[in-house]
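Trainee: Right, I'll just put the structure down here and ask away after.
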Amino acid sequence: MAKVTDFKVADLSLAEAGRHQIRLAEYEMPGLMQLRREYAEEQPLKGARIAGSIHMTVQTAVLIETLTALGAEVRWASCNIFSTQDEAAAAIVVGDGTPEDPQGVPVFAWKGETLDEYWWCINQIFSWEGELPNMILDDGGDATMAVIRGREYEKAGVVPQPEANDSDEYIAFLGMLREVLAEEPDKWTRLADSIKGVTEETTTGVHRLYHFAEEGVLPFPAMNVNDAVTKSKFDNKYGTRHSLIDGINRATDMLMGGKNVLVCGYGDVGKGCAEAFDGQGARVRVTEADPINALQALMDGYSVVTVDEAIADADIVITATGNKDIISYEQMLKMKDHALLGNIGHFDNEIDMHSLLHRDDVIRTTIKPQVDEFTFPNGKSIIVLSEGRLLNLGNATGHPSFVMSTSFADQTIAQIELFQNEGQYENQVYRLPKILDEKVARIHVEALGGKLTELTKEQAEYIGVDVAGPFKPEHYRY
């Protein structure tokens with residue numbers, strides 16, 4: 001392989017440490033390793049040029065090397081300013097080479113990026129020499145949004161100026177687009193024409209995709225990986241159940257037993273949060289807007305309350321809604337002195353971080369990286385993790401390898417599906433076919449030593465399915 005010269009990571013000398021962790025993770029990621037074996041000769045992604053934007057973790061490193069093992073070329077950035085594991089990023093750049101002669105994949109990611117640096121990195125995954133990228137692998141929808149809004153502003157001939165209430169992140173995003181428009185005035189239009197499809201990892205990004213489709217501005221097919229059963233019911237719930245506690249422990253060493261905890265949101269992620277705290281002996285209450293989810297919480301044994309009535313005596317508050325404006329500045333003023341506030345939704349707008357970071361009468365004291373104390377005019381203070389961003393990735397290393405194996409196997413299969421079937425999908429949002437979802441589950445059942453019951457032909461006919469599956473209709477709720 002040729003020497004990699006186009007990259008930006010923290011420190012290539014970390015590559016050996018990263019490689020050891022990647023090697024161990026491979027044993028815990030049977031889905032990806034099985035796909036490597038199954039498709040080694042076929043090379044179904046040969047010719048794919050993937051612009052990837054997912055947290056640059058050890059588990060993502062195994063995904064990247066699976067994509068390249070199946071024939072793809074890849075450029076990568078993280079989808080969060082705090083989530084990169086620098087040793088994993090270094091190992092992927094070095095590849096089979098050395099720190100002095102790196103021969104891996106171009107990566108643009110390091111832990112602790114500024115917002116301007118973050119959007120610079122996103123731009124880099126689309127800046128290929130020669131041919132343009134033809135696939136996007138996204139988490140949160142930022143890479144996809146860059147192409148869609150970039151093309152829109154190219155057509156208008158101008159990038160709009162930020163408005164007074166725009167977030168710092170959106171201001172940085174517009175700044176990146178403005179610079180690109182000045183240097184390459186047709187870049188995003190050419191990219192939109194080149195991309196065959198996007199596969200999206202998370203709930204927030206899927207919401208964006210459906211919004212773009214409704215607007216009529218989605219320029220290529222999109223695969224909703226998040227709502228694959230082997231993603232949402234495993235990564236979102238069981239992964240969160242593990243990594244939330246890991247993040248809080250690494251950040252604070254706080255004992256959770258006996259504490260009053262408020263979990264905002266009771267979707268798959270919120271369910272994982274509530275179970276995690278319950279398992280630690282905490283007293284858990286839940287907020288929820290959807291009556292079905294609220295009823296589930298009640299039946300699972302949790303009180304369902306509003307933020308206003310519960311925040312004053314909560315020791316820990318966690319947002320997990322995927323929505324915005326969940327915890328306001330005024331509500332933070334009511335919190336217990338030294339209460340803990342964190343978020344495990346994709347973006348930082350669930351908590352009013354803008355007020356915390358920009359008010360002159362709020363004093364910020366950094367305890368350690370991604371752990372800050374904010375002191376209010378009333379003398380009370382709260383501890384905020386990862387500046388309101390994903391605490392499980394900012395304060396820890398995210399979900400464990402095995403559960404990410406299911407998600408990333410889904411991503412790999414979705415990339416193959418869209419890349420190999422160009423023209424068969426319209427510019428809409430699709431779910432991963434059920435038979436492929438079941439394939440991913442089957443691999444992991446076997447890896448855990450489970451033995452599946454095989455239906456007889458008569459049994460399969462009786463319930464109207466094929467002996468080999470799929471076993472459930474699309475509308476089935478697991």
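Positions of Cβ are set from backbone N, Cα and C atoms, glycine also.
Quick caveat, the model's predicted, so the values are computed rather than measured.
According to Swiss-Prot, the feature substrate binding site maps to Thr57, Asp139, Glu201, Lys231, Asp235. The feature NAD(+) binding site is assigned by Swiss-Prot to 202-204, Asn236, 265-270, Glu288, Asn323, 344-346, Asn392.
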Trainee: Listed substrate-binding residues Thr57, Asp139, Glu201, Lys231, Asp235 - what's their greatest C-alpha to C-alpha distance in Å?
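Mentor: Among the residues the record ties to substrate, max Cα distance equals 17 Å.
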Trainee: Any idea what the Cα distance is from Val269 (NAD(+) binding site) over to Lys231 (substrate binding site), rounded to a whole Å?
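Mentor: About 11 Å separate the Cα atoms of these two residues.
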Trainee: List the residues of the same chain that sit at least 6 positions away from Ile344 (NAD(+) binding site) in sequence and have their Cβ under 8 Å from its Cβ, in sequence order, or write 'none'.
Mentor: Thr240, Leu244, Val269, Cys273, Ile318, Thr319, Ala320, Leu390, Leu391, Asn392
Trainee: Look up Ile344 (NAD(+) binding site) in the DSSP assignment and reduce it to helix, strand or coil.
Mentor: coil
Trainee: Is it possible to get the count of other C-beta atoms within 10 angstroms of the C-beta of Val269 (NAD(+) binding site)?
Mentor: 29
Trainee: Counting distance between Cα atoms, which of the binding-site residues Thr202, Gly265, Gly267, Glu288, His346 is nearest Asp139 (substrate binding site)?
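Mentor: If we rank Thr202, Gly265, Gly267, Glu288, His346 by Cα distance to Asp139 (substrate binding site), first place goes to Thr202.
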Trainee: Taking the Cβ of His346 (NAD(+) binding site) as reference, which residues of that chain separated by at least 6 in sequence fall under 8 Å from it?
Mentor: Asp139, Gly140, Thr202, Thr203, Thr204, Gly205, Gly322, Leu390
Trainee: Here are some binding-site residues: Thr57, Thr204. Which one has the most Cβ atoms within 10 Å of its Cβ?
Mentor: Thr57
Trainee: Calculate the distance in Å between the alpha carbons (Cα) of Lys231 (substrate binding site) and Glu288 (NAD(+) binding site), and round it to a whole number.
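Mentor: Each residue's Cα considered, Lys231 (substrate binding site) and Glu288 (NAD(+) binding site) end up 22 Å apart.
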